[in-house]
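Visitor: Sharing a structure with you now.
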Amino acid sequence: MSGIIATYLIHDDSHNLEKKAEQIALGLTIGSWTHLPHLLQEQLKQHKGNVIHVEELAEHEHTNSYLRKKVKRGIIKIEYPLLNFSPDLPAILTTTFGKLSLDGEVKLIDLTFSDELKKHFPGPKFGIDGIRNLLQVHDRPLLMSIFKGMIGRNIGYLKTQLRDQAIGGVDIVKDDEILFENALTPLTKRIVSGKEVLQSVYETYGHKTLYAVNLTGRTFDLKENAKRAVQAGADILLFNVFSYGLDVLQSLAEDDEIPVPIMAHPAVSGAYSASKLYGVSSPLLLGKLLRYAGADFSLFPSPYGSVALEKEEALAISKYLTEDDAFFKKSFSVPSAGIHPGFVPFIARDFGKDVVINAGGGIHGHPNGAQGGGKAFRAAIDATLQNKPLHEVDDINLHSALQIWGNPSHEVKL
(Lines of atoms letter the chains of each structure in order from A and count residues from 1; the text may use other names and numbers.)
(Lines give C-alpha, C1' and ligand atoms only; values in the text may rest on other atoms or scores of the structure.)
Protein backbone atom coordinates (compact mmCIF):
# COMPACT_ATOMS: atom_id res chain seq x y z
CA MET A 1 0.00 0.00 0.00
CA SER A 2 1.35 3.41 -0.99
CA GLY A 3 -1.73 5.49 -0.34
CA ILE A 4 -4.39 5.40 2.34
CA ILE A 5 -7.12 2.97 3.40
CA ALA A 6 -10.38 4.45 4.66
CA THR A 7 -12.71 2.40 6.86
CA TYR A 8 -16.39 3.39 6.86
CA LEU A 9 -19.58 2.42 8.63
CA ILE A 10 -22.30 2.58 5.97
CA HIS A 11 -26.08 2.25 5.96
CA ASP A 12 -27.79 1.19 2.74
CA ASP A 13 -31.51 0.89 2.08
CA SER A 14 -30.91 -0.94 -1.21
CA HIS A 15 -29.37 -3.75 0.88
CA ASN A 16 -26.41 -4.12 -1.47
CA LEU A 17 -23.30 -3.21 0.49
CA GLU A 18 -20.88 -4.26 -2.25
CA LYS A 19 -22.57 -1.98 -4.77
CA LYS A 20 -22.64 0.95 -2.34
CA ALA A 21 -18.95 0.43 -1.54
CA GLU A 22 -18.03 0.43 -5.22
CA GLN A 23 -20.07 3.59 -5.79
CA ILE A 24 -18.15 5.34 -3.01
CA ALA A 25 -14.79 4.13 -4.33
CA LEU A 26 -15.56 5.42 -7.81
CA GLY A 27 -17.31 8.60 -6.72
CA LEU A 28 -14.31 9.75 -4.71
CA THR A 29 -11.79 8.91 -7.43
CA ILE A 30 -12.42 8.60 -11.18
CA GLY A 31 -16.22 8.96 -11.15
CA SER A 32 -17.23 5.99 -13.32
CA TRP A 33 -15.75 2.78 -14.62
CA THR A 34 -17.94 0.24 -16.40
CA HIS A 35 -18.94 2.63 -19.20
CA LEU A 36 -15.38 3.73 -19.93
CA PRO A 37 -13.59 2.43 -23.04
CA HIS A 38 -11.03 -0.25 -22.28
CA LEU A 39 -8.09 1.97 -23.23
CA LEU A 40 -9.27 4.71 -20.88
CA GLN A 41 -9.81 2.14 -18.14
CA GLU A 42 -6.18 1.10 -18.47
CA GLN A 43 -5.06 4.73 -18.25
CA LEU A 44 -7.17 5.46 -15.16
CA LYS A 45 -6.71 2.15 -13.38
CA GLN A 46 -3.90 3.50 -11.20
CA HIS A 47 -6.22 6.28 -9.95
CA LYS A 48 -9.25 4.11 -9.18
CA GLY A 49 -10.34 3.59 -5.58
CA ASN A 50 -10.38 -0.10 -4.71
CA VAL A 51 -12.83 -1.80 -2.37
CA ILE A 52 -10.77 -4.22 -0.30
CA HIS A 53 -13.23 -5.26 2.42
CA VAL A 54 -17.01 -5.50 2.88
CA GLU A 55 -18.47 -6.85 6.11
CA GLU A 56 -22.17 -6.97 6.89
CA LEU A 57 -23.22 -6.07 10.44
CA ALA A 58 -26.25 -7.23 12.36
CA GLU A 59 -29.45 -5.26 11.87
CA HIS A 60 -29.87 -2.50 14.43
CA GLU A 61 -33.45 -1.53 15.24
CA HIS A 62 -32.48 1.81 16.80
CA THR A 63 -30.70 2.76 13.56
CA ASN A 64 -33.73 1.83 11.47
CA SER A 65 -35.95 3.87 13.76
CA TYR A 66 -33.66 6.91 13.61
CA LEU A 67 -33.33 6.78 9.81
CA ARG A 68 -37.05 5.94 9.44
CA LYS A 69 -36.28 3.12 7.05
CA LYS A 70 -34.86 -0.39 7.12
CA VAL A 71 -31.19 -0.41 6.22
CA LYS A 72 -28.35 -2.86 5.95
CA ARG A 73 -25.31 -1.86 8.02
CA GLY A 74 -21.77 -2.68 7.09
CA ILE A 75 -18.08 -1.95 7.49
CA ILE A 76 -16.24 -1.30 4.24
CA LYS A 77 -12.62 -0.47 3.45
CA ILE A 78 -11.47 1.42 0.39
CA GLU A 79 -7.88 2.01 -0.70
CA TYR A 80 -7.13 5.36 -2.33
CA PRO A 81 -3.94 5.69 -4.43
CA LEU A 82 -1.33 8.21 -3.31
CA LEU A 83 -1.30 9.49 -6.89
CA ASN A 84 -4.71 11.07 -6.32
CA PHE A 85 -3.87 13.56 -3.57
CA SER A 86 -1.13 15.69 -2.12
CA PRO A 87 0.30 14.44 1.21
CA ASP A 88 -1.58 16.82 3.51
CA LEU A 89 -4.63 16.45 5.75
CA PRO A 90 -6.94 18.78 3.79
CA ALA A 91 -6.36 16.72 0.64
CA ILE A 92 -6.62 13.41 2.50
CA LEU A 93 -9.88 14.30 4.25
CA THR A 94 -11.42 15.72 1.08
CA THR A 95 -10.43 12.61 -0.87
CA THR A 96 -11.70 10.10 1.67
CA PHE A 97 -14.70 11.91 3.10
CA GLY A 98 -15.27 15.22 1.30
CA LYS A 99 -18.63 15.09 -0.47
CA LEU A 100 -19.33 11.71 1.12
CA SER A 101 -19.72 13.45 4.48
CA LEU A 102 -22.90 15.05 3.10
CA ASP A 103 -24.53 11.63 2.71
CA GLY A 104 -25.68 11.68 6.35
CA GLU A 105 -25.55 7.89 6.64
CA VAL A 106 -21.81 7.22 6.42
CA LYS A 107 -19.26 7.44 9.24
CA LEU A 108 -15.51 7.59 8.64
CA ILE A 109 -14.17 5.14 11.22
CA ASP A 110 -10.46 5.06 10.48
CA LEU A 111 -7.69 6.03 8.08
CA THR A 112 -4.67 3.77 7.66
CA PHE A 113 -1.68 5.70 6.35
CA SER A 114 1.08 4.04 4.35
CA ASP A 115 4.62 4.51 5.66
CA GLU A 116 5.35 6.72 2.67
CA LEU A 117 2.46 8.99 3.64
CA LYS A 118 3.35 9.10 7.34
CA LYS A 119 6.69 10.69 6.47
CA HIS A 120 4.88 13.92 5.63
CA PHE A 121 3.54 14.47 9.17
CA PRO A 122 5.48 15.74 12.18
CA GLY A 123 3.88 13.95 15.10
CA PRO A 124 4.37 15.35 18.61
CA LYS A 125 7.41 17.56 19.08
CA PHE A 126 7.93 16.44 22.69
CA GLY A 127 5.65 13.48 23.23
CA ILE A 128 5.13 11.74 26.55
CA ASP A 129 8.82 11.29 27.32
CA GLY A 130 9.64 14.89 26.43
CA ILE A 131 6.89 16.27 28.67
CA ARG A 132 8.03 14.05 31.53
CA ASN A 133 11.58 15.32 31.06
CA LEU A 134 10.36 18.92 31.31
CA LEU A 135 8.72 18.15 34.65
CA GLN A 136 11.21 15.52 35.82
CA VAL A 137 8.27 13.28 36.70
CA HIS A 138 8.61 9.76 35.31
CA ASP A 139 6.82 7.40 37.66
CA ARG A 140 3.18 8.47 37.91
CA PRO A 141 0.24 9.99 36.03
CA LEU A 142 0.46 13.75 35.69
CA LEU A 143 -2.10 16.04 37.32
CA MET A 144 -3.56 19.00 35.45
CA SER A 145 -6.04 21.65 36.56
CA ILE A 146 -7.88 24.50 34.89
CA PHE A 147 -8.29 28.17 35.61
CA LYS A 148 -11.95 28.70 36.50
CA GLY A 149 -14.03 31.86 36.20
CA MET A 150 -11.31 33.97 34.60
CA ILE A 151 -13.54 35.96 32.23
CA GLY A 152 -13.83 39.49 33.61
CA ARG A 153 -11.08 38.87 36.19
CA ASN A 154 -7.67 40.55 36.37
CA ILE A 155 -4.08 39.33 36.55
CA GLY A 156 -4.12 39.38 40.35
CA TYR A 157 -6.94 36.85 40.39
CA LEU A 158 -5.08 34.67 37.88
CA LYS A 159 -1.91 34.75 39.98
CA THR A 160 -3.79 33.72 43.12
CA GLN A 161 -5.48 30.80 41.35
CA LEU A 162 -2.23 29.71 39.77
CA ARG A 163 -0.31 29.84 43.03
CA ASP A 164 -2.91 27.79 44.90
CA GLN A 165 -3.00 25.11 42.21
CA ALA A 166 0.79 24.88 42.03
CA ILE A 167 1.15 24.63 45.83
CA GLY A 168 -1.45 21.85 45.71
CA GLY A 169 0.96 19.76 43.65
CA VAL A 170 -0.60 20.23 40.22
CA ASP A 171 1.86 19.53 37.37
CA ILE A 172 0.16 21.56 34.64
CA VAL A 173 -2.33 24.41 34.88
CA LYS A 174 -4.15 25.34 31.68
CA ASP A 175 -6.17 28.32 30.59
CA ASP A 176 -9.86 27.86 30.01
CA GLU A 177 -10.41 27.36 26.28
CA ILE A 178 -12.84 30.31 26.27
CA LEU A 179 -10.26 32.75 27.62
CA PHE A 180 -9.24 34.82 24.61
CA GLU A 181 -7.11 37.92 24.17
CA ASN A 182 -8.54 40.65 26.41
CA ALA A 183 -7.56 43.87 28.17
CA LEU A 184 -7.55 42.41 31.70
CA THR A 185 -5.39 39.33 31.08
CA PRO A 186 -3.57 39.71 27.75
CA LEU A 187 -1.50 36.80 26.50
CA THR A 188 2.03 37.96 27.29
CA LYS A 189 1.03 39.44 30.65
CA ARG A 190 -0.56 36.12 31.66
CA ILE A 191 2.62 34.29 30.75
CA VAL A 192 5.08 36.66 32.43
CA SER A 193 3.01 36.94 35.61
CA GLY A 194 2.33 33.22 35.66
CA LYS A 195 5.99 32.34 35.29
CA GLU A 196 6.87 34.59 38.23
CA VAL A 197 4.33 32.80 40.41
CA LEU A 198 5.46 29.34 39.35
CA GLN A 199 9.12 30.16 39.90
CA SER A 200 8.30 31.40 43.38
CA VAL A 201 6.39 28.21 44.19
CA TYR A 202 9.25 26.10 42.85
CA GLU A 203 11.82 27.93 44.97
CA THR A 204 9.65 27.63 48.09
CA TYR A 205 8.18 24.15 47.73
CA GLY A 206 10.41 22.42 45.17
CA HIS A 207 7.46 21.53 42.94
CA LYS A 208 7.55 22.39 39.24
CA THR A 209 4.35 23.38 37.46
CA LEU A 210 3.92 24.18 33.76
CA TYR A 211 1.39 26.71 32.44
CA ALA A 212 -0.55 25.96 29.24
CA VAL A 213 -1.63 29.30 27.79
CA ASN A 214 -4.49 29.53 25.29
CA LEU A 215 -3.28 30.38 21.77
CA THR A 216 -6.02 32.37 20.03
CA GLY A 217 -6.63 34.91 17.27
CA ARG A 218 -7.26 34.91 13.53
CA THR A 219 -5.74 31.99 11.66
CA PHE A 220 -3.09 34.03 9.86
CA ASP A 221 -2.06 35.67 13.13
CA LEU A 222 -1.57 32.43 15.06
CA LYS A 223 2.08 31.85 14.28
CA GLU A 224 3.01 35.37 15.28
CA ASN A 225 0.95 35.05 18.47
CA ALA A 226 2.59 31.71 19.23
CA LYS A 227 6.05 33.19 18.78
CA ARG A 228 5.15 36.09 21.08
CA ALA A 229 4.04 33.54 23.65
CA VAL A 230 7.30 31.62 23.31
CA GLN A 231 9.36 34.81 23.66
CA ALA A 232 7.41 35.64 26.83
CA GLY A 233 8.31 32.23 28.27
CA ALA A 234 5.28 30.05 27.50
CA ASP A 235 5.63 26.44 28.68
CA ILE A 236 2.80 24.90 26.64
CA LEU A 237 0.32 26.19 24.06
CA LEU A 238 -3.33 25.21 24.48
CA PHE A 239 -5.01 25.16 21.07
CA ASN A 240 -8.66 24.82 20.01
CA VAL A 241 -7.72 22.71 17.00
CA PHE A 242 -11.16 22.11 15.54
CA SER A 243 -12.07 25.78 15.51
CA TYR A 244 -9.17 26.20 13.06
CA GLY A 245 -8.33 22.87 11.43
CA LEU A 246 -5.86 20.03 11.76
CA ASP A 247 -3.59 21.51 9.12
CA VAL A 248 -3.19 24.66 11.22
CA LEU A 249 -2.08 22.48 14.14
CA GLN A 250 0.43 20.81 11.86
CA SER A 251 1.84 24.13 10.68
CA LEU A 252 2.37 25.20 14.31
CA ALA A 253 3.96 21.89 15.27
CA GLU A 254 6.37 22.01 12.33
CA ASP A 255 7.60 25.53 13.04
CA ASP A 256 11.04 25.48 14.66
CA GLU A 257 10.40 28.94 16.09
CA ILE A 258 7.58 27.48 18.21
CA PRO A 259 9.64 25.00 20.29
CA VAL A 260 7.03 24.21 22.94
CA PRO A 261 4.49 21.39 23.40
CA ILE A 262 0.98 21.80 22.01
CA MET A 263 -2.13 20.73 23.92
CA ALA A 264 -5.13 20.02 21.69
CA HIS A 265 -8.55 20.92 23.08
CA PRO A 266 -11.60 19.09 21.64
CA ALA A 267 -13.89 22.16 21.43
CA VAL A 268 -16.13 21.95 18.31
CA SER A 269 -15.08 18.34 17.62
CA GLY A 270 -18.48 17.09 18.76
CA ALA A 271 -19.99 18.62 15.64
CA TYR A 272 -17.97 16.08 13.64
CA SER A 273 -17.96 13.02 15.86
CA ALA A 274 -21.01 12.88 18.15
CA SER A 275 -23.32 10.85 15.92
CA LYS A 276 -23.01 7.08 15.80
CA LEU A 277 -24.31 7.06 12.21
CA TYR A 278 -22.33 9.72 10.39
CA GLY A 279 -19.35 12.05 10.74
CA VAL A 280 -15.86 11.08 11.86
CA SER A 281 -15.08 8.69 14.70
CA SER A 282 -13.68 10.14 17.92
CA PRO A 283 -10.69 7.76 17.97
CA LEU A 284 -9.65 8.92 14.51
CA LEU A 285 -10.33 12.60 15.12
CA LEU A 286 -9.09 13.00 18.71
CA GLY A 287 -6.52 10.22 18.61
CA LYS A 288 -4.73 9.33 15.41
CA LEU A 289 -5.09 12.58 13.44
CA LEU A 290 -4.18 14.83 16.37
CA ARG A 291 -1.08 12.76 17.05
CA TYR A 292 0.00 12.75 13.40
CA ALA A 293 -0.58 16.51 13.12
CA GLY A 294 1.63 17.23 16.12
CA ALA A 295 -0.39 17.37 19.36
CA ASP A 296 1.62 16.46 22.46
CA PHE A 297 -1.60 16.19 24.50
CA SER A 298 -5.14 15.36 23.44
CA LEU A 299 -8.06 16.27 25.71
CA PHE A 300 -11.22 14.21 25.29
CA PRO A 301 -14.29 13.33 27.37
CA SER A 302 -13.58 10.60 29.90
CA PRO A 303 -15.89 7.58 30.29
CA TYR A 304 -16.68 8.58 33.88
CA GLY A 305 -17.48 12.25 34.18
CA SER A 306 -20.08 14.81 33.21
CA VAL A 307 -19.59 14.75 29.40
CA ALA A 308 -18.81 11.07 29.04
CA LEU A 309 -17.68 9.11 26.00
CA GLU A 310 -18.36 5.41 25.86
CA LYS A 311 -15.45 3.60 27.47
CA GLU A 312 -14.63 1.69 24.28
CA GLU A 313 -14.28 4.94 22.34
CA ALA A 314 -12.19 6.67 25.01
CA LEU A 315 -9.81 3.72 25.21
CA ALA A 316 -9.55 3.63 21.41
CA ILE A 317 -8.55 7.31 21.42
CA SER A 318 -5.86 6.56 23.98
CA LYS A 319 -4.64 3.57 21.97
CA TYR A 320 -4.09 5.72 18.89
CA LEU A 321 -2.27 8.32 20.97
CA THR A 322 0.08 5.90 22.72
CA GLU A 323 0.62 2.82 20.56
CA ASP A 324 4.12 2.22 19.24
CA ASP A 325 4.78 3.82 15.87
CA ALA A 326 8.24 4.16 14.36
CA PHE A 327 7.27 7.49 12.80
CA PHE A 328 5.75 9.33 15.75
CA LYS A 329 6.36 10.05 19.41
CA LYS A 330 3.53 9.18 21.78
CA SER A 331 0.95 11.77 22.85
CA PHE A 332 -0.50 12.14 26.32
CA SER A 333 -4.12 11.06 26.79
CA VAL A 334 -6.09 13.59 28.84
CA PRO A 335 -9.53 12.12 29.74
CA SER A 336 -11.53 15.06 31.05
CA ALA A 337 -14.83 16.45 32.36
CA GLY A 338 -16.29 15.85 35.79
CA ILE A 339 -13.18 14.19 37.24
CA HIS A 340 -12.80 14.02 41.04
CA PRO A 341 -10.31 12.07 43.21
CA GLY A 342 -12.59 9.04 43.50
CA PHE A 343 -12.11 8.41 39.78
CA VAL A 344 -8.30 8.22 39.96
CA PRO A 345 -8.15 4.40 40.34
CA PHE A 346 -10.46 4.03 37.32
CA ILE A 347 -8.23 6.29 35.23
CA ALA A 348 -5.06 4.45 36.24
CA ARG A 349 -6.66 1.06 35.61
CA ASP A 350 -8.01 1.99 32.19
CA PHE A 351 -5.34 4.35 30.83
CA GLY A 352 -2.21 3.28 32.70
CA LYS A 353 0.56 5.43 34.09
CA ASP A 354 1.07 7.56 30.98
CA VAL A 355 -2.03 9.70 31.35
CA VAL A 356 -2.84 13.24 32.46
CA ILE A 357 -5.58 13.45 35.09
CA ASN A 358 -7.45 16.67 34.31
CA ALA A 359 -9.71 18.29 36.90
CA GLY A 360 -11.54 21.57 37.20
CA GLY A 361 -14.33 21.57 39.75
CA GLY A 362 -12.75 18.54 41.42
CA ILE A 363 -9.88 20.81 42.46
CA HIS A 364 -11.50 24.24 42.83
CA GLY A 365 -14.59 22.85 44.58
CA HIS A 366 -12.62 21.34 47.46
CA PRO A 367 -13.50 22.83 50.89
CA ASN A 368 -9.81 23.68 51.39
CA GLY A 369 -9.66 25.43 48.05
CA ALA A 370 -7.47 24.59 45.07
CA GLN A 371 -4.53 23.75 47.34
CA GLY A 372 -6.62 21.14 49.12
CA GLY A 373 -8.05 19.88 45.84
CA GLY A 374 -4.63 19.38 44.32
CA LYS A 375 -3.34 17.63 47.43
CA ALA A 376 -6.38 15.34 47.45
CA PHE A 377 -5.66 14.26 43.88
CA ARG A 378 -1.97 13.74 44.58
CA ALA A 379 -2.85 11.58 47.60
CA ALA A 380 -5.27 9.59 45.43
CA ILE A 381 -2.59 9.10 42.76
CA ASP A 382 0.00 7.94 45.30
CA ALA A 383 -2.45 5.54 46.93
CA THR A 384 -3.53 4.13 43.58
CA LEU A 385 0.06 3.42 42.55
CA GLN A 386 0.48 1.56 45.86
CA ASN A 387 -2.77 -0.32 45.17
CA LYS A 388 -4.18 1.08 48.40
CA PRO A 389 -7.94 1.76 48.68
CA LEU A 390 -8.62 5.48 48.82
CA HIS A 391 -10.79 5.27 51.93
CA GLU A 392 -7.83 3.80 53.85
CA VAL A 393 -5.52 6.73 53.09
CA ASP A 394 -4.72 8.94 56.07
CA ASP A 395 -5.06 12.27 54.29
CA ILE A 396 -7.55 14.91 55.39
CA ASN A 397 -7.80 16.53 51.95
CA LEU A 398 -8.57 13.23 50.25
CA HIS A 399 -11.10 12.30 52.92
CA SER A 400 -12.89 15.62 52.41
CA ALA A 401 -12.99 15.06 48.65
CA LEU A 402 -14.42 11.57 49.01
CA GLN A 403 -17.10 12.87 51.37
CA ILE A 404 -18.17 15.48 48.81
CA TRP A 405 -17.94 13.52 45.56
CA GLY A 406 -17.98 9.93 46.71
CA ASN A 407 -15.64 7.02 46.18
CA PRO A 408 -16.96 5.06 43.18
CA SER A 409 -13.64 3.22 42.86
CA HIS A 410 -13.64 1.57 46.29
CA GLU A 411 -13.66 -1.92 44.73
CA VAL A 412 -11.39 -1.23 41.75
CA LYS A 413 -8.51 -3.69 41.35
CA LEU A 414 -5.48 -2.51 39.40
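Just so it is clear, glycine is given a Cβ too, placed from its N, Cα and C backbone atoms.
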Visitor: For the substrate site, Swiss-Prot lists LYS174, ASP175, ASP176, GLU177, HIS265, GLY338, GLY360, GLY361; sort out which one of LYS148, LYS288, LYS319 goes with them.
Guide: LYS148
Visitor: Please list, in sequence order, every residue of the chain apart from LYS174, ASP176, GLU177 whose Cβ lies within 8 Å of the Cβ centroid of the Mg(2+) site.
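Guide: Other same-chain residues with Cβ inside the cutoff are ILE146, PHE147, ASP175, ILE178, LEU179, ALA212, ASN214, LEU238, HIS265.
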Visitor: Hey, which of the recorded positions LYS99, LYS148, LYS174 is the loneliest by Cβ count within 10 Å?
Guide: LYS99
Visitor: Between the two most separated Cα atoms in LYS148, LYS174, ASP175, ASP176, GLU177, HIS265, GLY338, GLY360, GLY361, the residues recorded as binding substrate, what distance in Å do you get?
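Guide: The widest Cα-Cα gap among those binding residues is 18 Å.
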Visitor: Translate the DSSP assignment of LYS174 (Mg(2+) binding site) into the three-state scheme.
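Guide: DSSP assigns LYS174 (Mg(2+) binding site) to strand.
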Visitor: Roughly how many angstrom lie between the C-alpha atoms of ASP175 (substrate binding site) and LYS99 (active site, proton acceptor)?
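Guide: That separation, Cα to Cα, works out to 36 Å.
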Visitor: Can you count the other CB atoms that lie within 10 A of the CB of GLY338 (substrate binding site)?
Guide: 17
